[in-house]
Amino acid sequence: MKERIKAICLEKPNNVVVKEVPYPEKSDNDVLIQVESMGICGSDIGAYRGTNPLVTYPRILGHEIVGRVIESGIGMSDGVRVGDRVIVDPYVCCGQCYPCSIGRTNCCESLKVIGVHIDGGMQEVIRHPAHLLTKVPDNLPIHQLPLAEPLTIALHALHRTTLKSGEHIVIIGAGAIGLMAALAAVQYGAIPILVDILEQRLEYAKSLGIEHIVNPHKEDDIKRIKEITSGRMAEVVMEASGANISIKNTLHYASFAGRIALTGWPKTETPLPTNLITFKELNIYGSRTSKGEFEEALDMLATNKINASHIITKCIKFEEIPSFISDLSDHPENYLKINAVF
């Protein structure tokens, strides 16, 4: 066994390096996983910029992680064995608080997200709770598999709002999560309307079959959404950008008796016209991380309902992660999704 392994460590804001760290030690309830592939997430970029208040430094990054189980632990599901390829559920809950007691473990009062609150999976070998694993399908390339994690975030918002066939859903933000939410909405039989200020992302979404795209910088967004929905506005709105103005706009985009999922994380407080919440009797749902969506996400990728190659802009080597984190921070418009492999 190696005494030290390579890891991607964020020493402080704007300083991310490949460094050696001790080989992980596991408890009885943990597994050890030989990491094979990983995704770079927006939260990694926020940590790099120093804008994520939940991150402390130094921190090993990464929560979109796929690899092979090399040591078993108590609590592994019956279908997982040593040697199996798995994706990790990166949300570690206490199991004791009120949200955990009602099955809403993603709302745990002391939730620990790997790569954010505790060290993450961008390293050669990781220790992880044995019960937080899902076996992955055999028919997907290794570099595509980490995409299932951000897809669970998109699916969770659709589930929170109980999106139904035939409904319109406005999705604000045409990044990876917003685009996958739109593609998943099509699979649900719903009608997505994708809103963004980056025209190239909207045009790309249209090339993938998203018929309705709206750029508020180029047209009257309220008027256009009203036209698409025959005057009703959208029964469901998902906010996936975290921009304050976009959060405010959810109240205008939603129909009377509409439902809103807030998925994006704003950096500052957002003043809202709360009279609209009462006037329209809107249901507003926080949509944090995910809960129980990994199997559906993996199935969507494995059956090509969502084509991973349409989302992943670039696949890089592990050692290239620091330079691409820097470039992604400086030029986010150039990449939809970057995944890495060993």
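Placement of Cβ uses the backbone N, Cα and C atoms for every residue, glycine included.
Quick look at what Swiss-Prot lists:
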BINDING   CYS41, HIS63, GLU149  Zn(2+) 1 binding site
BINDING   CYS94, CYS97, CYS100, CYS108  Zn(2+) 2 binding site
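Structural mapping of features recorded in Swiss-Prot.
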residue : record                : contacts (Cβ under 8 Å, 6+ apart)
CYS41   : Zn(2+) 1 binding site : HIS63, GLU64, GLY115, GLU149, PRO150
CYS94   : Zn(2+) 2 binding site : CYS100, CYS108, GLU109, SER110, LEU111
CYS97   : Zn(2+) 2 binding site : CYS108, GLU109, SER110
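Mapped onto three states, the DSSP output places GLU149 (Zn(2+) 1 binding site) in helix. According to DSSP, CYS100 (Zn(2+) 2 binding site) sits within a helical segment.
Summary: among the binding-site residues (HIS63, CYS108, GLU149), the fewest other C-beta atoms within 10 A of the C-beta are counted at CYS108.
Mapped onto three states, the DSSP output places CYS108 (Zn(2+) 2 binding site) in coil. Within 10 Å of the C-beta of CYS100 (Zn(2+) 2 binding site) we count 18 further C-beta atoms, all protein chains included. What surrounds the Zn(2+) 2 site, by Cβ distance within 8 Å of the Cβ centroid and not counting CYS94, CYS97, CYS100, CYS108, is the set CYS93, GLY95, GLN96, TYR98, PRO99, SER101, THR105, GLU109, SER110, LEU111 from the same chain.
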